[in-house]
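Participant: Dumping the structure here so I can ask a few things about it.
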Amino acid sequence: MDEKTAREKEIDAWLPITSSRNAKWWYSAFHNVTAMVGAGVLSLPYAMAQLGWGPGVVILVLSWIITLYTLWQMVEMHEMVPGKRFDRYHELGQHAFGEKLGLYIVVPQQLIVEVGVCIVYMVTGGKSLKKFHELACEDCKPIKLTYFIMIFASVHFVLSHLPNFNSISGVSLAAAVMSLSYSTIAWSASVAKGVQENVEYGYKAKSAAGTVFNFFSALGEVAFAYAGHNVVLEIQATIPSTTDKPSKGPMWKGVVVAYIVVALCYFPVALVGYWMFGNTVDDNILVTLKKPVWLIATANLFVVIHVIGSYQIYAMPVFDMMETLLVKKMNFRPNWFLRFVVRNFYVAATMFVGMTFPFFGGLLAFFGGFAFAPTTYFLPCVIWLKIYKPRRYSLSWWTNWICIVFGIFLMVLSPIGGLRTIIIQAKDYKFYS
């Protein structure tokens, strides 16, 4: 038994999530901002154009409130069993649904989200680099998007070897600052441009079916914008905890700061962008804003820096899962060579998929509904009901059921719209062009 515990302790001290537990509350703030305010914020005006003023504002505000509530639940549940910490999302799932069922419910969804985000960010990083290159050097020969994705990936072949969450805190802080910066550039440059002539706020699609499908697709884009829950327990695992001072105190403080920043980024970009450009806005607001050239080029560069940090935040739990499987189940030795191979393989795989399928908007909506809605909007509520069993028809019971219904509504509808967008874009697509 002693040998077994010693080995488990040695493995825990090596794995990325549990190896370092000395984070401060502000680490939680900027990790959460980096995880949450993704490049998805730039597609919010486009989502608003597909939703329309009324439904768009309602869904944006509802999503902000519901996801803050479900995030609070996860922070609370991290240490609900005295003397034990649920350091990973699937550990919480296993506690609620049982050893096997918990794994089957949580791990596939969490992996779809994290790997999906990494792929989408490969595409976003490549596209923003390409845009920066075009704006900064107008006379240069155009370079394929494929090469820009490779350039973006080359950074991750280096950064992915940082051992744990605390070691990427510098990258994460830079990314959080950048997200606030490019969001501010996006809405302030829109204000400077003013409301466009002949601006229209009606739906873009000519047919009723097109309007409905676009509406579904936009729901997925909003769901994608609130995706930080998939890494929240892993972030909390890095904060020290004692019986007098549990980790939920500093973690919640960081989450509140992060959510204020999220509101400062999301609402102005979504509302101002749609107000100024109406339904002619592109699926990335920086593409619509063509001038002043130097400012838009800078914003694209900021997006690249932010997406570098965000990719790392989402990749870390995947590294943890892969390394846990290899070391605990397959009995590989926990050493630098294993880590080197695993992480390089993962970066190469996400780069390859990103280069092959760069349908940015459609991918957002498809992944957004398929896996983001469950893990963000209603899985925490289901676990809460299962563990705490609040009294039927009490406030807690009603709140959780409303979130569950809203989340299922998102999960079912948005992949339909996303899949249609991918099919339409794929018609004219040539591989690796």
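The backbone N, Cα and C atoms fix where each Cβ goes, and this holds for glycine too.
Annotations for this protein, taken from TrEMBL, read as follows:
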DOMAIN    22-417  domain 'Amino acid transporter transmembrane'
TRANSMEM  25-44  transmembrane segment
TRANSMEM  51-72  transmembrane segment
TRANSMEM  101-124  transmembrane segment
TRANSMEM  145-162  transmembrane segment
TRANSMEM  168-187  transmembrane segment
TRANSMEM  255-277  transmembrane segment
TRANSMEM  293-315  transmembrane segment
TRANSMEM  336-357  transmembrane segment
TRANSMEM  363-385  transmembrane segment
TRANSMEM  397-423  transmembrane segment
Participant: Can you name the far-off residues of the same chain, 6+ from the ends of the transmembrane segment (25-44), with a Cβ under 8 Å from a Cβ of it?
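Facilitator: Sequence-distant neighbours of the transmembrane segment (25-44): 60, 117, 120-121, 124, 128, 165-166, 169, 172-173, 175-176, 179-180, 182-183, 186, 221-222, 224-228, 230-232, 235-236, 238-239, 249-251, 253-255, 257-259, 261-262, 265-266, 269-270, 273, 283-286, 303, 306-307, 309-310, 313-314, 360-361, 364.
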Participant: Below 8 Å between Cβ atoms, which of the listed ranges 51-72, 168-187, 336-357 makes the most pairs with the transmembrane segment (293-315)?
Facilitator: 168-187
Participant: Could you tell me what the rest of the chain brings near the transmembrane segment (145-162), counting residues at least six beyond its ends with Cβ under 8 Å?
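Facilitator: Answer is 122-123, 125-127, 129-130, 133, 168, 171, 304, 307-308, 311-312, 315, 319, 339-340, 343-344, 346-348, 350-351, 354-355, 358, 432-433.
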Participant: Counting only residues 6 or more past its boundaries, what in the same chain has a CB within less than 8 Å of a CB in the transmembrane segment (336-357)?
Facilitator: 115, 118-120, 122-123, 126, 145-146, 149-150, 153, 156-157, 160-161, 163, 315, 318-319, 322-323, 326-327, 363, 431-432
